[in-house]
Amino acid sequence: MTARIIDGKVIAADLRGQVAREVERVKRDHGLTPGLAVVLVGNDPASEVYVRSKHTQTQAAGMASFEHKLPADVAQSELLALIDKLNHDPSVHGILVQLPLPKGLETEIVINAIDPAKDVDGLHPHNAGRLSGGQPALAPCTPLGCIILSKTVHPSLEGLNAIVIGRSNLVGRPLVQLLLNENATVTIAHSRSRDLAALTARADLVYAAVGRPEMVKRDWIKPGATVIDVGINRIPTAEGKTRLVGDVAYAEVAEVAGAITPVPGGVGQMTVACLLVNTLRAACAIAGLPKPAV
């Protein structure tokens, strides 16, 4: 068996197209232009690349894009004042503070200062609480992308056995809640779980988000299972360079899985696309409009 490749690049492009069409519709029918504000603190090169990508894709979807760049030594009070200003700006429907923040800034305080209605990263405790209670909420973008990718293989996740390896607040925990809301049967595990291979071998859906290069092996996977690899790890090569791998030993797992996401080209492609989805949903909710068809 050779696994079907779940092409995140193609699926994300289709999702961005759906968002753009919905943005065009709400502009035409309601005079509403969704707006996303991204706050970048410091000059971390990787963060700058991510912010540029978000800006480009936001504009391509027909949304307004607002960038706010602050120095690494900015006072927390100044950052909080900017967030408060964005909270009250009617042209801004989504606020994203690029993480990680420089030392000296309290991430939890900063995230909690964002209006939950504009928290398009889905990290505010209000949204996390609603998600855990099965209520409508803005969900973190990476877990949301995992669900969308899964549904390209299984249009309904109801009744499927799923395992989430990883318990971070950014991916693992919210992914569990999203799966429960889809009526999947969910096991959450982590690097210290006992008999992890045996637990994983029972799952129809495997989500690897533990941050350990190629941890999930072939003999962990039930034949025909769907494997979603959230990991992004750089490992050295024999030539003294590095290469990007996930948390799944891709080549060997692809021989037994029914479907699998590659790294790169899988989950990572979905994150910004889902950010656009959340921004559109937030804009419609704030304006009192029905939930968009995406």
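Glycine is treated like the rest: Cβ placed from N, Cα and C.
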For the NADP(+) site that Swiss-Prot assigns to G166, R167, S168, I232, which of S132, S150, S191 is also named? S191
Pairwise over G166, R167, S168, S191, I232, annotated as binding NADP(+), what's the top Cα to Cα distance to the nearest Å? 16
Within a 10 Å radius around the Cβ, which one of these binding-site residues has the most neighbouring Cβ atoms: S168, S191? S168
Nonlocal residues around G166 (NADP(+) binding site), in sequence order (Cβ under 8 Å, 6 or more apart): G172, H190, Y207, A208, A209, V210, G211, V230, D247
Within 10 angstroms of the C-beta of I232 (NADP(+) binding site), what count of other C-beta atoms is obtained when all protein chains are considered? 16
